[in-house]
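The structure's right below; bear with me while I get my questions together.
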Amino acid sequence: RMFHDDELEESEKFYVGQPRVLLLIYALYNTLVARSEMVCYFVIILNHMISASMITLVLPILIFLWAMLSVPRPSKRFWMTAIVYTEVAIVIKYFFQFGFFPWNKHVDYTKDKPYHPPNIIGIEKKEGYVHYDLVQLLALFFHRSILKCHGLWDEDEKGDGSSNKEDTDDELSLTGGRRDSSASLKSVNLATSVESIHVHFPEQQTAIRRKSSSSISQLSHRSSFSSHRSKRERILDSFKNINPTTLSLYFLQSKLCVTKSHCGLCCFRTLQVYVPIRQFFYNLIHPDYSAVTDVYVLMFLADTVDFIIIVFGFWAFGKHSAAADITSSLSEDQVPEAFLVMVLIQFGTMVVDRALYLKKTVMGKVIFQVILVFGIHFWMFFILPGVTERKFSQNTVAQLWYFVKCVYFGLSAYQIRCGYPTRVLGNFLTKSYNYVNLFLFQGFRLVPFLTELRAVMDWVWTDTTLSLSSWICVEDIYAHIFILKCWRESEKRYPQPRGQKKKKVVKYGMGGMIIVLLICIVWFPLLFMSLIKSVAGITNKPLDVSITITLGGYQPIFTMSAQQNQLKSLDPNEFNEFMGSYSGNTAALQFLEGYAREDITRADLEGNSNSLWTISPPSREKMIQGLLDFNADFTLVISWTIQRYKNMKYLISHFFSRILEEVYPYYIKAPSDSLAKPIKQLLKDCKWENITVSLVKNTSEEWWVLNQLGKRQKTPHESLELFIFSDKVSPPSLGFLAGYGIMGLYASVVLVIGKFVREFFSGISHSIMFEELPNVDRILKLCTDIFLVRETGELELEEDLYAKLIFLYRSPETMIKWTREK
């Protein structure tokens, strides 16, 4: 060993011998120390999500537009700004908690109003108003201590101070990089003091010029003349490499110091703020060194998660829609406005992000980042609370959406800071050839319109000489070859010896699964319709039962309805007695087997009609003559209406002779369709019940009275009794499938799936020459070469390679040569 220390070895042994829980705590602490910067970002964003005020809005915007864009790390000025701002925010919030302020006298009334000015500003009186701010301040001080421990806190000041010292060349070489990045006028960022631009630039530029023009001996044994050069000469030398904007700013300050003009000073102060910000973004777009990276996949994943949050939690972005769901709204042909706006905005940002990624324009990405940061924060914290009429801190779905969007902002800032990759080759899922990439890639291709949209966008925003059809052809060939490559790699990993039969695990595993799947598809409608009501069905009791009796088509003589208390369920004793009365009737028992006690309802209808019999005298005489004519038939119409949930009515009419024997059905079945039927299995000898009809006259009024003779529930007054058997209905969540019925499911589901399955089994012979390729490496390399020359701008070579690929697929003999095993 080059270095050996007994104490270090003993310390390492002691550390390794600690319990696992303690080691885990050590590891978590080390992770916290290593990522203390991210911890500060997380606490600041969390504080803003909870508070959702203008006071806490400043720091998240500074994080995404300053801290995360700083190279290589946020400067001391940012952390001091965050610390001081947090301290001031705590003091302001504390000051406005006193009760003598007018808005603190009605806190309970105004605390849930999103547009109440104290709520927007963040100075409202509430419990725990400063808890998250204290946690934020603690995290900032913790990160400050970490930077101080590693000597990174005063790094900028060291860079400025070293430029004023005329030291050895070694010292200059150590600090020159920092001067070039932070102290030099050519790369001024927000961390550099504006005043230092005009105070220290001569010495800095002199030191840099000395470094490039003097040797070590000259620096160590410099003469007194060179060390005490005239200030004028040093300034003139330094002007050679100064940024023109900064130079003009310097002369403007000199002129303004002489004139002492108030307007000029205001203009100068404005330039003092504008120039560093402009220089910061200029250096960001035109970096001296760029460590390119590609985090587009992670950004796309964050956008996809946000898209899913919008779809499944769209009610959080609308007014009075907390109890709604997307399926019910779409089934009623209603698209919520908030849902539509959020979906379009989210989808539009994904399209723009893809365009910027393909064009590799950092400037466009910076502009898009600035617009998106300000736009999203303005929408989420000022517009959305007014739309939903509830504060952002009370909207959990919106908070989740904002947090994922903050992750996207962080990834975008990292992409801007590092720069876009110079080459974008293929899909990110095609980087390796295994089962995971294979199934993910095929699932990606199954999403409707996603593959087509991606191909067209890539063609629009990529420099190429290929037409759209040729581009799509190359993409399809590449996708097909990638799938074949994955299968060939799997065959190499799990080889099948020649002449050996397939194992039973493979046959029963794959073949058995396919058999079960096909059987389930074939018998799915029958199984679904039988289980949907017996297992998951819910009881649908009647809400209203009405009966109407009409003689010969004249004015109805009897109308009566039963509702609420007149519709009664059978108690256990009555149900057992009812079932026992059909103990010897096989047909009745078979029918009753499908019904439980809660499915049977007894309707007690009053015997007196609820409407007067208002018939005209001529019609009355004509009806009497018809009843006295015993040689002619006289019809009696009995109609019943059963109204259940969702206002579904069941109506049917029956015609009988003038005799009122066997006219009353007594037992009615209310199925899930639109036709209510009498139940003959429960009637004695399949005969309907008899009823008596009598006309009651008063001084000037008359009405009809009906009475049932063979009632189960004996009552002293005239009445009718009716038993309704309600079929179970499917739950509302599965109503969209159950509504098609068995034949509808067979036509819409089974036949469509069967068509695709048949094409898979019967279309193999037509694609043998493109599917059975032993080695696809050469074709895959040819496709990759097309992508590569396109990215490098060799468009003529792209045309040649595309023509070669088309010729390869047109020539089976050449394809055989190209796909032989090596």
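Just so it is clear, glycine is given a Cβ too, placed from its N, Cα and C backbone atoms.
Automated prediction, rather than curation, is the source of TrEMBL annotations.
Residues annotated as transmembrane segment in TrEMBL: 14-32, 39-66, 78-96, 295-318, 338-357, 366-388, 400-420, 432-448, 468-487, 508-532, 734-757. The region 'Disordered' annotation in TrEMBL covers 156-180, 205-226. Feature annotation from TrEMBL assigns domain 'Piezo THU9 and anchor' to 293-530. Taken from TrEMBL, the feature domain 'Piezo non-specific cation channel cap' covers 568-647, 659-821.
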Where among 14-32, 39-66, 338-357 do we find the most Cβ pairs under 8 Å to the transmembrane segment (400-420)?
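Result: 39-66.
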As a quick check of your reading of DSSP, tell me how many residues in the domain 'Piezo non-specific cation channel cap' (568-647) are helical, how many are strand and how many are coil.
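Its residues divide into 34 helix, 18 strand, 28 coil.
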Using a Cβ cut-off under 8 Å, which residues of the same chain at least 6 positions beyond either end of the transmembrane segment (78-96) come close to it?
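Distant Cβ neighbours of the transmembrane segment (78-96) are 40, 44, 55-56, 58-59, 62, 66-67, 70, 104, 118, 122-125, 129-130, 133-134, 136-137, 140-141, 143-144, 147, 190-191.
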Counting a contact as 3 or more Cβ pairs under 8 Å, with residues at least 6 apart in sequence, do the transmembrane segment (39-66) and the transmembrane segment (338-357) touch?
no
So what's near the transmembrane segment (295-318) in sequence-distant terms, Cβ-Cβ under 8 Å and 6+ beyond its ends?
324-326, 336-339, 341-343, 346-347, 349-350, 353-354, 357, 384, 387-388, 395-398, 400-401, 404-405, 407-408, 411-412, 414-415, 428
